[in-house]
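According to Swiss-Prot, the protein carries these features:
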{"type": "ACT_SITE", "residues": "His42", "note": "active site, proton acceptor"}
{"type": "ACT_SITE", "residues": "Glu69", "note": "active site, proton acceptor"}
{"type": "ACT_SITE", "residues": "His190", "note": "active site, proton donor"}
{"type": "BINDING", "residues": "Asn6, Arg17, Gly191, Gly212, His213", "note": "3-amino-2-oxopropyl phosphate binding site"}
{"type": "BINDING", "residues": "Asp8, His9, Arg44, His49, Thr99", "note": "1-deoxy-D-xylulose 5-phosphate binding site"}
{"type": "SITE", "residues": "Glu150", "note": "site 'Transition state stabilizer'"}
Amino acid sequence: MRLAVNIDHIATLRNARGEQEPDPVAAALLAEKCGAAGIVCHLREDRRHINDHDLARLREAVTTKLDLEMAMTPELQQIALKTRPELITLVPEKREELTTEGGFDIVRHYAVLAAYLKPFNAAGIEVSLFIEPEKKAIDLAKQAGADLVELHTGLYALKKEGEAQSKELQRIREAAIHARSLGLKVVAGHGLNYLNIAPFREIEEIEEVSIGHAIIARAVLTGLEEAIREMLRIIK
């Protein structure tokens, strides 16, 4: 299983003081050095952490895979096509939320989704949708032209250990199996941490996990390099 490191909260920490440090690009390079298979950043409409300049610098610096999370807006479509990350991930976005609260509502947006994705398909930029682990959403993602799905693991992360968490893990497993049967690549993310990630090693259909907050929080105490290496030790 591969690890993609989300460096948004490096920028959050920097922006808390309006300074230049810590530098998210430096964090991205260190993550790659430690063995991360990709770097994830979310260019939100309000630019609350990563900004346009960060994105441009990340594109120049990242040599593994740059995954740009973004809302489905015309402005961000143009920015993404100009920047040319290896992958874009469409996510829902609410200005009042602290972090992404759920999967992309593909049923609601399906009528316009395929047309929105076509320029990315034509440009050779892979497309992922951050969705709930549900078969209908996966089917629609495939039909709309997605190459990957990122399964939302937030509900799993919120469950206490026991039957409820096991049930949610099984739902994710079944969704991953279904997605792979359609030829989609599968990623998982949201709320995953050092204590709850281990069971995902048993779901072979999930090729990669995307983790940010847990790693950055651990890095405050142990350093970023050790925080990343510790996560890699758990998932390998």
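Just so it is clear, glycine is given a Cβ too, placed from its N, Cα and C backbone atoms.
Looking only at other Cβ atoms within 10 Å, the busiest spot among the recorded positions Asp8, Glu150 turns out to be Glu150. For the 3-amino-2-oxopropyl phosphate site listed in the record, the two most distant Cα atoms among Asn6, Arg17, Gly191, Gly212, His213 lie 26 Å apart. Checking each of the recorded positions (His9, Arg44, Glu150) against His213 (3-amino-2-oxopropyl phosphate binding site), the C-alpha distance stays within 10 Å for His9. Put plainly, the binding-site residues Gly191, Gly212 were compared by Cβ crowding within 10 Å, and the winner is Gly212. The recorded positions recorded for this entry are Asp8, His190, Gly191, and the Cα of Asp8 lies nearest to that of His42 (active site, proton acceptor). In terms of Cα spacing, the recorded positions Arg17, Glu69, Glu150, His190, Gly191, Gly212 that come within 10 Å of His9 (1-deoxy-D-xylulose 5-phosphate binding site) are Gly212.
Taking CA atoms as the reference points, the residue listed as 'active site, proton donor' and Gly212 (3-amino-2-oxopropyl phosphate binding site) are 8 Å apart. Sequence-distant contacts (6 or more apart, same chain, Cβ under 8 Å) of Arg17 (3-amino-2-oxopropyl phosphate binding site) do not exist in this structure. Using a 10 angstroms CA-CA radius around Arg44 (1-deoxy-D-xylulose 5-phosphate binding site), the recorded positions that qualify from Asn6, Glu69, Glu150, Gly191, Gly212 are Glu69.
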